[in-house]
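Notes for the one structure printed next.
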Amino acid sequence: MSNATAEEDIRVDIPMSDDQLERKIRPILHKPYGSMDLVSVKAPTNHGSHSKDSNWWVVLNLAFQSIGIVYGDLGTSPLYVYPSIFSNGIKHRDDILGALSLVFYTLTFLPLVKYVFVVLRANDNGEGGTFALYSLICRYARVSLIPSQQAEDREVSNYKLELPSKRLKLASVLKSSLQKSQFAKIFLLLVTMLGTSMVIGDSIFTPSISVLSAVAGVKEVTSALTDDMIAGISVVILIFLFMIQRFGTHRVSYTFAPVLCVWFVLIGGIGFYNIIKHDTTVLKAINPMYILEYFIRNKKDAWISLGGVVLCTTGAEALFADLGHFSVRAIQVSMCSMVYPALILAYTGQSSYLRQYPDEVSDAFYKSVPGPLYWPMFVVSILAAAIASQAMISGTFSIVHQSLSLGCFPPVKVVYTSANHEGQVYIPAINYILMLACIGVTAGFKSTVKIGNAYGTAVVFVMTLTSSLLVLVMIMIWKTNIFLIILYILTIGFAELLYLSSVLYKFTSGGYLPLAFSAVLMIIMYVWNDVYRRKYHYELDHKISPARLKEISANKNMSRIPGLAMFYSGLVHGIPPIFEHYVSNVPALHSIIVFVSMKSLHINKVPPEERYFFRRVEPRELFAFRCVVRYGYKDVREVAFEETLVTRLKEFIQEEILLQNQILSTIGNNAEKGTEPEGEIVERNNDVANAKQVEEEIMQQEIEQLQKEWEEAGIVHMIGESEVIAKKEANIMKRIVINHVYNLLKRNVRQREKVFDIPHKRMLKVGMTYQL
């Protein structure tokens, strides 16, 4: 274990007087509470170069596994893309070439170029998704609205960013503008929330459209099934799919990889067969001139059809969102070696078939399957649709988990489904909400074309928002050449805005649904986050002063009882008001007091050895400590939290004494270098040795007392039972948000003790009222 060191260097290179030395070390040992740097308890950190990309065998293994988890949505898009593009039928034979050319370049520039080779680089220590991009920006530009930030947070090893170039001027201007503007901070948070809401919306439409498209293939062998019956069968499959979520996906996902490999081989092989059999001239669609001719020929209808074209990119966001399970290189290998070629062959094969049979566009996928392969393809398509749904549902659980960690979502029960993969979670409440929404969408629309209108809106919104955040990362963090940034905006950015305008045209035909759903989610997320921040500032304004702490410690009517008391609060910058409420009503304090604050950082994981930060609360007779427990948004709270905290506290006490002994040694060395008489130097050294011995004895006594109180009397957890109301002078909107919306959410979510998993027998609630 490394020795705890203060931020200020105390090495002495020239003789100093005692007064000078005391002035130098006093700020380190005697800073007022709230300003002193916390002393961290760390084990040696291994900063080796181990990486998921360091071994090609590991990369290939991860690439194979990623096929079963990441590409289900993207891979099943051939089921419904052409029916959505030509919802009113094919009017001209060459329109097929124009559509194929659009699909080819859309697949190439958006999932392949943008996500696989650009966006994946903007990962947060291996994690992807909207919140990962937001976290990168917040760490670099200090635009986070989370109030519990500390300077010590930047010392966490995962917090640091590598800046690859020297183009500083534009980055500095943008960074300064964001940091100074409260509107920009709120807007950035809202953009992140909107992107997150849209991804959650994807997990409603993906199961609906994928399963419905796959089941609709049965009409090829029997015309007795109506649309209502097909929707009913799809609903049954969806219910089954959501009911098995509780068992976790870690085993099932790896089993799915061979299924999707078979799927990609089949759609690629059938596509190649159709090209050879029906019309090889479709290969000339690689010429973008066919896109221009398509727009000249169809004008407004061609623009409207872009809403169907963009469905070929569904699931592209999953490449980034699911990055944490794999690696950048693994996803690049799987995409380039299997997924992209198979999809291009599949769309080209369907186009070749439609050149001969344009009237069958409403069911182009199954019509183009050769007869002997129909039933195998039908079975595999059902499985592939289920896998596509599974990927987005699991992704939603992860996104909600991230939102919970950053205070942007009401507390809900989170179940960790894998002992080996911490990021794999199951959230029962979200699961049932998604199930009901999927059933409603499937039973209500009953058509992949109508669902596609809604689905396209969610897909393009997420892509556009990701590009917006990515441009900020390019400017501020990567410091990319301005001409490359402009090129990105003029090509990919312009294409996404064009697709966005097309899907919004279908607003009344289903496009409103994801926007309405996202608006509701955003209101919930923002209200919860806003009141969360207001509560923090209320605690900060009402924290206990050092003078009041001394008064409490000196109060002779305040008895000390055996045991260790933990007071929980979100406050990291002082003693929370919950302590004042407690001592005002209970004239007794436990022998040892720890004020515990759990906070989340804008990083995916905090190394365990850097998680606990302690400091002693003065006066020393109070025997109280401050503990800030820091987690990343993908971290899992320890099962043995109490034991870990007590162990870290012992280490902190040892570190604290070692630091003071180092300072005492410095005093002795300084005396030897001075001009004092030898007798005074000897006396000084004896005083230093005695002081060290006293400090070590105190340390040993404190550690023994801590162990004794924990083992014999145990720990009591003090939780604030808060009532939140708006001030009387608050405006109507604020009263509605706090008194009604927030309190409605609060009554219907998990209580704090359940979130922390605190035993009821050792828990005491302290009532408080927040007037915000």
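Cβ atoms are placed via backbone N, Cα and C, with glycine included.
Here's what TrEMBL has on this protein:
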type	residues	note
TRANSMEM	56-76	transmembrane segment
DOMAIN	62-545	domain 'K+ potassium transporter integral membrane'
TRANSMEM	96-117	transmembrane segment
TRANSMEM	186-205	transmembrane segment
TRANSMEM	225-244	transmembrane segment
TRANSMEM	256-276	transmembrane segment
TRANSMEM	333-353	transmembrane segment
TRANSMEM	373-393	transmembrane segment
TRANSMEM	425-445	transmembrane segment
TRANSMEM	457-478	transmembrane segment
TRANSMEM	485-505	transmembrane segment
TRANSMEM	511-528	transmembrane segment
DOMAIN	562-772	domain 'K+ potassium transporter C-terminal'
(message) With contact taken as 3 or more Cβ pairs under 8 angstroms (pairs 6 or more apart in sequence), are the transmembrane segment (96-117) and the transmembrane segment (485-505) in contact?
(response) yes
(request) Rank 225-244, 333-353, 373-393, 457-478 by Cβ pairs under 8 Å to the transmembrane segment (425-445) and hand me the top one. (result) 225-244
(message) Counting Cβ pairs closer than 8 Å, which of 56-76, 225-244, 256-276, 457-478, 485-505 has the most of them with the transmembrane segment (186-205)?
(response) 457-478
(message) Before we move on, state whether the transmembrane segment (56-76) and the transmembrane segment (333-353) share at least 3 Cβ pairs under 8 Å, counting only pairs 6 or more apart in sequence.
(response) yes
(message) If I count Cβ-Cβ pairs under 8 A between the transmembrane segment (256-276) and each of 225-244, 373-393, 485-505, which range comes out on top?
(response) 373-393
(request) Give residue numbers and ranges for long-range contacts of the transmembrane segment (485-505): same chain, 6 or more residues beyond its ends, CB-CB under 8 A. (result) 106, 109-110, 113-114, 118, 303-307, 309-310, 453, 456-457, 459-461, 463-464, 467, 471, 474-475, 511
(request) Residue list, the transmembrane segment (333-353) vs rest of chain: Cβ under 8 Å, 6 or more residues beyond ends. (result) 59-60, 63-64, 66-67, 70-71, 74-75, 77-78, 81-82, 96-97, 99-100, 103-104, 107, 111-112, 116, 261, 264-265, 267-275, 277-280, 282-283, 285, 312, 319, 360, 364-365, 367-368
(message) Across the domain 'K+ potassium transporter C-terminal' (562-772), what does the mean pLDDT come to, as a whole number?
(response) 81
(message) Using a Cβ cut-off under 8 Å, which residues of the same chain at least 6 positions beyond either end of the transmembrane segment (457-478) come close to it?
(response) 110, 114, 118-119, 121-122, 130, 133-134, 136-137, 140-141, 161, 163-165, 170-171, 174-175, 191-192, 194-195, 198-199, 201-202, 205, 310-311, 313-314, 316-317, 320, 484-485, 488-489, 492-493, 496-497, 499-500, 503-504, 506-507, 511, 513-515, 518
